[in-house]
Amino acid sequence: MSRSGDSCQNTWCSARGSLEAPGLPHGLCLRLGLEFALVRSWPSAHIHAGPCRWRGSAGHGGSMRNRSVAFFPDPATFTAWCNSHLRKAGTQIENIDEDFRDGLKLMLLLEVISGERLPKPERGKMRVHKINNVNKALDFIASKGVKLVSIGAEEIVDGNAKMTLGMIWTIILRFAIQDISVEETSAKEGLLLWCQRKTAPYKNVNVQNFHISWKDGLAFNALIHRHRPELIEYDKLRKDDPVTNLNNAFEVAEKYLDIPKMLDAEDIVGTLRPDEKAIMTYVSCFYHAFSGAQKAETAANRICKVLAVNQENEHLMEDYERLASDLLEWIRRTIPWLEDRVPQKTIQEMQQKLEDFRDYRRVHKPPKVQEKCQLEINFNTLQTKLRLSNRPAFMPSEGRMVSDINNGWQHLEQAEKGYEEWLLNEIRRLERLDHLAEKFRQKASIHEAWTDGKEAMLKHRDYETATLSDIKALIRKHEAFESDLAAHQDRVEQIAAIAQELNELDYYDSHNVNTRCQKICDQWDALGSLTQSRREALEKTEKQLETIDQLHLEYAKRAAPFNNWMESAMEDLQDMFIVHTIEEIEGLISAHDQFKSTLPDADREREAILAIHKEAQRIAESNHIKLSGSNPYTTVTPQIINSKWEKVQQLVPKRDHALLEEQSKQQSNEHLRRQFASQANIVGPWIQTKMEEIGRISIEMNGTLEDQLNHLKRYERSIVDYKPNLDLLEQQHQLIQEALIFDNKHTNYTMEHIRVGWEQLLTTIARTINEVENQILTRDAKGISQEQMQEFRASFNHFDKDHGGALGPEEFKACLISLGYDVENDRQGDAEFNRIMSVVDPNHSGLVTFQAFIDFMSRETTDTDTADQVIASFKVLAGDKNFITAEELRRELPPDQAEYCIARMAPYQGPDAVPGALDYKSFSTALYGESDL
C-alpha cells in the first residue's frame, strides 16, 4: 500500500469502513478508503480528478477528524457495480452523474438489490417529477435504517457528483456489507468467525484479526484451497515467502473467482500493521464468492438425502416385486401338478408318485415357506420405512399383494392336502384291484379246469348203445354231474361279482377280465342247456335201465361234496389276503384255527367214503361181479380224494407260516404307530404351548425394545434348536408311510398337523421379532424415548382387554382420552376422533394395531422432510428460477442422483421456460404423493 502521500491507485486507502459489495459478477470491489459517516465532510475536502491520495501527516491509527483527506472514488468502479445489478433488469447506465438524475434507474437499482417493490415512479420530464422519484428512493434507503447526512434529492437531480457517489456508497454499505452474519454475530465478528472455521485445518494459519494474521498470505491461500482445492497447491507454499503467497492468492482470485486485485503484496508485507478495513473488504469478497456454494451444498445434501431414501425404497419395492413374482410363479407351476389326478395303472407307479410328493414336502416346499415368511417381513419393513420417511404406502403390482400370495398359498395347501389323500386312496384302490384280479384269475383257472371236457361229455351219445344197467349208471352219473354243476354255480357267481367290482374300480385290464368272464358265463349257459338236454335223453331210456350198485351211488354222492369241500379248502388256503391292523390278522388266524379244528371230522368223512368204495369191491369180488374198474357215477376216485387230502395237509402249515409272517409284520406296524404317537404327543403339545407363550410375550413385553428383541431372538433360537425332534418325527412318519400304515389310533396328531403348527410357530415368532424391529426403527427415526415407548405399550395393553393385539374403536378412544386427547362424545371430539381413525385405520377394518398406534403417536410428536422443503432446496440450486437444467443438476448433485432426477423430471412448461428446462416442483411433490416414480 502506498505510504507518505504516494499514489494508491487500484488499492484501498488505509481508512475505516473499507468494505466490498457482495455478488458483483466481475468481482468489482470498491476502491474506496473512506467510511460514509464522513460524507458530510466531503464539501470541505480537497477533491481532484485523479487517483485518491492522502494529504496530511496523520498516522494509520489517528482519528479521521485529524486528517486532511482528498477523496474522489473512481466513478467507473461505482458505474460497473451499478451495471452488474441493473443488467438483471435489462438496462444499464453510462454516466453515473447523469443517468440517476431522473430517479428512474435509481429506483430500479434499489428494487433489484433489495428484491422489494418501490412505489410507482412518475414518468414526467419536469424537475418536480425527478425530485419526487429521487425522494422515493431516498425514503426507501432511510426505511432500511440508514441515516442520510447532507444528501438531498435536489443535489442528485442537479448531477452533484460527490453526493451521487456518496449515495451509491451508502447503498453498498447497507445492501452489500451489513448483511454478513455468522451465528448471529455482527458483520465483522461474523466474517472473522467464518475465516477461522474455514482455515482451522491448515497449518501455519491462525486468523485472529484482520491485519497481521494475513501478512504472510497463507490465510488467503487457505480460504481459496478450502473451497477450490484444484486452484491452489497449498503444500508447496512457504511461510517465509509472503510476497509470493499473497501474489499467488490475488492472481488466482482475479483469474478464477472474479475477485479483482484490490491489495498490493509489497504494501502489506512492508507495513507493520496492514489496514484492517482494507483486509476486511477484500476478505468479504471471498465470503460472498463462496457463500453461494455453501447454500448449494446444503441444498444438494438435502436433495441427496431425500433421493437416497427414495432410491432405497425403490430398490426394496423392486426386490419385493421380483420375490413375489418368483413365489407366485412357483405356486402357479406347482398347483397344476398337485391337482393332477390321473391315476396310474400299477401300484409301483403310484408309489413313485408318492415318493415324488415326499421329495416335494421335504426338499422343495420348505425353502418356499422361508421365502414367503421373508417376503412378508420385507413388505412390513418397507411400509415402515415409507411411513417414517413421510412417503405414501407401497402398493404392489396387481396380483402381487401379500393377500394374493396368501390366497395362492392357501390354494396350494388345499391342493397339497387333496393330492396326498388322493395318492393314499389310489394306492389302496390299486392294492384292492391287484388282490381282486389275482383272485379272479385263480377262480377262473379253477373253473376253466373243471369245465374242460364237460361240453364234450354232455354231447356224447353213449346212451344209445348202452345196456340198461349202463343207462341207469349214466343217469346216476348225470345226477352227480348236476350236483357238481350246482356246486360250481357259486363259483361262477363269485367270478362274475369280482369282474363287476374290477369294472367299478376302473381296473386297467378290465377288457381282458370282461372277455374272460363273458366266455365263462357263455360256457356256463351252454353247460346248463346241454345238461338239461342230456337229462331228457336219459329219461327217455330210463325204463331200459337196471338198478345200479347203491354203494357206488352212495360213494359218488358223498365223494362229490367232499371233493368240492377239499377244492374249496385248497382255494381258501391259497387265497391271498391283505390286512392293515393287528386285529384283522388275528381274525384271520382265528378263522384258520377254526378251520383246522374241522380237519379230524373231515378225515373221518374221507375214511367213510373210502370204506364205501372198498365195500363195493369186496361185494363184487365175493359175488364174482366183474366191475369196469371205475365208479360209473363219478370221476372222483379214491386216488383223487387221497391226493387232494394230502395237498390240503401240505397247504395248512404253509398257511400257518404266511399268517404268522403277516402277524409279525402287523406287530411291527403297531410298534411304528406307537413310536410315532409317543413322539407326536410330545411335539404337538410343545408347539401349542410355544404358540401360547409367544402370544403372552407379545402382550406382556417388559424392558427396552432391544431387550425385548434379544429376548425374542433367544426364544427363536430355542425354537429352532427343537428342530431335531421334528426331524425325528419326520423319519418315523416316513417309516410309517413306507410300511403303508394309513391310520393311528394312539394319537390325534398327524404329520400334517405337526408341519402346519411348526410353520405357524416359526412364522409367528418371525412376525413378532419384525414388529419389535419396526418399533425400534420408528423409535429411532422419530426420536421417541424408551419411556414414551413403554408408556405407549402400557396404554395399549391396558385397553386391549381380550389380548388380541388390536383395539376396537371404543377401546382406542378410551386410550386416546387417557393420553390427553380431546375426543369426548361431542361434535368436535367426534370429528377429531374420526380424523385420527382415518389415519390409523385407512382400510376401515375397525381395528387399530399397535404398529399403527405407534406410527400415529410418533407423527404427533416428530417432524420429517416435506415436499416444500425439497422444493426450496431445488430452488437454491436453480438460482431462484422456477426451473432447473440438467447441467445444474449434474454440477450440484452426485452423478447417480443427478441422472435419477433428470430421468424422472418432467419438462418445465412455464412462460419463462428455456430449452432443456426441467420442472423440479412437480418432481418434489411426486416424491411425497401418488406417483409413478
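Using N, Cα and C of the backbone, Cβ positions are placed for all residues, glycine too.
Unlike curated records, TrEMBL annotations are generated automatically.
Between the listed ranges 156-190, 296-330, 471-505, TrEMBL ties the annotation coiled coil to 471-505. Long-range contacts of the coiled coil (471-505) within the same chain, counting only residues at least 6 positions beyond its ends with a Cβ under 8 Å from a Cβ of the stretch, are 429, 432-433, 436-437, 439-440, 443-444, 446-447, 450, 454, 457, 462-463, 513-514, 517, 520-521, 524, 527-528, 531, 534-535, 538-539, 541-542, 544-548, 552-553, 556-557, 560-561, 564, 632-634. Panel annotation: around the domain 'EF-hand' (828-863), residues 384, 387, 771, 774-775, 778-779, 781-784, 788-789, 792-793, 796, 805-809, 812-813, 815-816, 819, 821-822 of the same chain, lying at least six beyond its termini, place a Cβ under 8 Å from a Cβ of the stretch.
Under DSSP, the residues of the domain 'EF-hand' (828-863) split into helix, strand and coil as follows: 25 helix, 2 strand, 9 coil. Here the domain 'Calponin-homology (CH)' (185-291) has, by DSSP, the following mix of helix, strand and coil residues: 69 helix, 0 strand, 38 coil. Residues in the domain 'EF-hand' (787-822) partition by DSSP class (helix H, G, I; strand E, B; coil) as 23 helix, 2 strand, 11 coil.
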